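What TrEMBL says about this protein:
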TRANSMEM  B:53-78  transmembrane segment
TRANSMEM  B:98-129  transmembrane segment
TRANSMEM  B:150-167  transmembrane segment
TRANSMEM  B:173-191  transmembrane segment
Amino acid sequence: MEVAGQNTNIISARDLGVVACMRCTQVWPAGTQACGRCGSAIVSRDHKSLQRVWALWLVGLMCYVPANMYPMLQTRTLLSVQEDTIVGGAVELIHHGAVGIALIILIASVVIPLGKFMAIAFLAISVKRPSSVSNHHRQMLYEVVEYIGRWSMIDIFVVAIMSSLVQLNTLAAVNPGRASLFFALSVIFTMLSAQAFDSRMIWDVRTRQEGAPLDE
Amino acid sequence: MDQSSPIPLDKLIVCTHCDAVFTLERPQVGQRAICARCGTVLITPRRKAGLQIIAVSFAITILIIAATVFPFLSISAAGTTNSVSILDAALAFSDGPLVALALTTAALIIFVPLARVLLTIYVLVPIVLDRPPARGSTQAFRLAEALRPWSMAEIFVLGCAVALIKISDLADVAFGPAFWMFSGLVVLVVVQDNFLCRWSVWKSLDKTQTS
């Protein structure tokens, strides 16, 4: 594996007086407004991005509440109609002995979304005030959040597949509940929130606070 | 201020994740250039990558269209059977406000992946043939890259697995031809994504446009 450049004294583009296009990585002199190669807007540090992060984060969190209160699935069988929320459905599965699937569902639709909210909030706070977590770990956390965010959609797809497939006339039918809409919105807004975050700011804190004691 | 700065912009490469600057050193084919600060992969040139990606992209296009049309899954219980295509699954949310969700699902699993491969073909074919890039290549590639996180075919496949386990004690489930096509498609999407060196594509779009 080749490393482009020396490991020692790495400087950031901003300190060198240049700015890179975040889309196509072309380097321009500092102050360039738009990339001459791909046309994307260029900013050295998008400080307003934190506002966008928090706004989208809040909308995502607000959508996550009804996503858990309303039923996700409505199962109609010959004898009964049953409406399950996300957690209720998982509890039901545990009663039926399917602990494994219940765990997958709980992790995918409760643990990961909540973890994402916390991780994004932590990252957004950590660029403002010094944190004891190293830049490498925070960068890794950011990449995990960006990568895993999409996978929460799995719940929506499960509901879609089940409700289109299980349509056996009077015998049994599964229909999507209102929560599915809110859950999808919540996932989409958290993805947008994570994308709005400018990860270059993670590395600025270090340079700015170099030598300053960590007030922990 | 320093309009005529002595900094050779062409000789620099900046990591988009952590903003570290390095002097550009093009890696050999098969090697990778990695950001020394945060470990992000910057350049991954591959021999004949362009041609391979175009071939894979055509395969993906055909598979997406076929997988959408053919039956995907079917279940049967007590004499009643129901078989659905991927489009049916996507459009399951069809009453009231859930229509928006149906359209989103269809977009995420069919139309976004399809749009991405078509844009990739559009951008890469002229490059591979050493022709000047097609009109709007830069916008096309930018869009393809922006759509990247929204292409969720692989997540849909895992969703199928979970749904099947949930249904299997309720009814018998059978796989249609589209299921296997879609599974193959997911592998190809991942292959295509990993073969593509963004830096090289942008470089060639740039070179051919300014000359």
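Glycine is treated like the rest: Cβ placed from N, Cα and C.
No curator has checked TrEMBL annotations; they are predicted automatically.
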So what's near the transmembrane segment (B:53-78) in sequence-distant terms, Cβ-Cβ under 8 Å and 6+ beyond its ends?
84-89, 110, 113-114, 117-118, 120-121, 124-125, 128, 160, 164, 167, 170-179, 181-182, 184-185, 188-189, 191-192, 195-196
Grab the same-chain neighbours of the transmembrane segment (B:150-167) for me: Cβ-Cβ under 8 Å, and only residues 6 or more beyond its ends, written as numbers and ranges.
73, 75, 86, 107-109, 112-113, 116, 173, 179, 182-183, 185-186, 189-190
Do any residues, 6 or more residues outside the transmembrane segment (B:173-191), come within under 8 Å Cβ-to-Cβ of it, and if so which ones?
56, 59-60, 63-64, 66-76, 83, 85-86, 113, 151, 153-154, 156-157, 160, 164, 167
